[in-house]
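Enquirer: Shown below is the structure under consideration.
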Amino acid sequence: MMRENPELLLGQVLGDSLRFVSIIGAGAYGVVYKAEDIYDGTLYAVKALCKDGLNEKQKKLQARELALHARVSSHPYIITLHRVLETEDAIYVVLQYCPNGDLFTYITEKKVYQGNSHLIKTVFLQLISAVEHCHSVGIYHRDLKPENIMVGNDVNTVYLADFGLATTEPYSSDFGCGSLFYMSPECQREVKKLSSLSDMLPVTPEPIESQSSSFATAPNDVWALGIILINLCCKRNPWKRACSQTDGTYRSYVHNPSTLLSILPISRELNSLLNRIFDRNPKTRITLPELSTLVSNCKNLTRRLRPAPLVSSRYLAYQQQQQQQQMNLQQGIQGYPHQGYMPTQNIGFPWPPTPQFVSNWNHCATPTIPVSLQVLTPNSSLKVDPTTPLTAPIHATESFWPSAAAAAAAVHNNANSYMPITPTPYPNNAKIFGYPNQPPLTPIPFTGFVLHPAPVGRAADAVDPSRKSL
């Protein structure tokens, strides 16, 4: 009954003292209610877990979650589990009420942490303390992410929550457990096979630990904390997946530990700290006590990142010479259906491209501009998604692609949209257009390698199903 009509419980009293006031949220697990103590007015969050349709394994997992949460509930930065009540059709978990919701909302919508090093350090040290307490009693969270962290009555306090994937095993064979953005490399034993052109790229092999039969759960939590720290500082994720074989940005980081410093508004101090957190060898990865000390002593976490132009100064003179051709092309393209997107930056060049253009890999100088690309040639067009394989027009010449790939890799990708456009061909010209569209917490594409061709019309990669809708 509760699963089909959760509103029926509103106004009713649970356990002789808790009146259901409103619904906070709902999911496959059940419903979370806001409840009020009828005697003293104290507010609680009550998670109603459905019992109907659960098999024995699911019931054991449900019981394990509650038992593990209860063991660490007394910590000041972990959501308090007050008591558990059970009826014929549901289990009611009475929890500490946090009216401000989760950290994900505060990072992406309210934006109170970005640029505030003191506030970031305050809440991040609280998270370290909470996770360190869990580890001290032999509990490993395995699903650390902003969605599972609640914000207190003010933004200076946060609480760790949701122990649904927690374990007492220091080593686990549950590869892929957690949320993809926050998984360590060793937690991702299964990797996709490289495509033919990607195989030619210089890729550093994954560490031996990532190929073993199990992975250490404590260092895996440390890795996730590092991603959360970047979320707090920059309002985005550094990569989609910590796999050098399938993720370009992470591959760049493996080859050059200064990659994040060049594409994120972080300080050199924080970059050095992140290098310790993102040590691919879990045995030498920074420990939580070390992490707490270094964060406490870090003076500045962020820095002001000066925006760079999409078109480099070296190419600007050449572009000005082609101004008339660009204006003609611009007048023609205004008739296309852009679905609300307007070009903000562009690169124009003659078709077929000159050897000077092809040899210049600096047409686009920055990966920080939040745009997607439209590449036009006299024969065809495509929408470029820089974090996925570059889609080549059927009639494009091979000499065009090094420069086109460099341009595509130098801009920010919006993986959640796909914008097909069919323009009219323009003789003797080609052009790359940028379109603004920046979702929160999206990965930053790697710049440096030629992206390999893929079938025309490929859609954007699917987003991590564990993420909230943005």
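Just so you know, the numbers here start at 1 and follow the chain as drawn.
Keep in mind that glycine also has a Cβ here, set from the backbone N, Cα and C atoms.
The annotation active site, proton acceptor is assigned in Swiss-Prot to Asp143 on the grounds of sequence analysis. According to Swiss-Prot, the feature ATP binding site maps to Ile24, Gly25, Ala26, Gly27, Ala28, Tyr29, Gly30, Val31, Val32, Lys47. The domain 'Protein kinase' annotation in Swiss-Prot covers 18-295. Per Swiss-Prot, the feature phosphoserine maps to Ser469.
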Enquirer: To the nearest whole angstrom, what is the C-alpha distance linking Ile24 (ATP binding site) and the residue listed as 'active site, proton acceptor'?
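Expert: About 21 Å separate the Cα atoms of these two residues.
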Enquirer: Summarise the model's confidence over the domain 'Protein kinase' (18-295) as a mean pLDDT value.
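Expert: Across the residues of the domain 'Protein kinase' (18-295) the model's pLDDT averages 89 on the 0 to 100 scale.
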Enquirer: Using Cα coordinates, what distance in whole Å links Gly30 (ATP binding site) and Asp143 (active site, proton acceptor)?
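Expert: The Cα atom of Gly30 (ATP binding site) is 19 Å away from the Cα atom of Asp143 (active site, proton acceptor).
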Enquirer: Counting across all protein chains present, how many other Cβ atoms fall within 10 Å of the Cβ of Gly30 (ATP binding site)?
Expert: 21
Enquirer: Indicate the candidate from Ile24, Ala26, Ala28, Val32, Asp143 with the smallest number of other Cβ atoms within 10 Å of its Cβ, considering only these recorded positions.
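Expert: Selected from the recorded positions Ile24, Ala26, Ala28, Val32, Asp143 on minimum Cβ neighbours within 10 Å: Ala28.
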Enquirer: Which three-state DSSP class does Asp143 (active site, proton acceptor) fall into?
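Expert: Once the DSSP labels are grouped into three classes, Asp143 (active site, proton acceptor) ends up as coil.
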Enquirer: Would you list the other residues of this chain near ATP - those whose C-beta lies within 8 angstroms of the C-beta centroid of Ile24, Gly25, Ala26, Gly27, Ala28, Tyr29, Gly30, Val31, Val32, Lys47 - in sequence order?
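Expert: Other same-chain residues near the ATP site: Ala48.
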Enquirer: Give me the CA-CA distance between Val32 (ATP binding site) and the residue listed as 'active site, proton acceptor', in Å, as a whole number.
Expert: 19
Enquirer: Round to a whole number and give the Cα-to-Cα distance in Å for the pair the residue listed as 'active site, proton acceptor' and Ala26 (ATP binding site).
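Expert: Roughly 19 Å, rounded to the nearest whole number.
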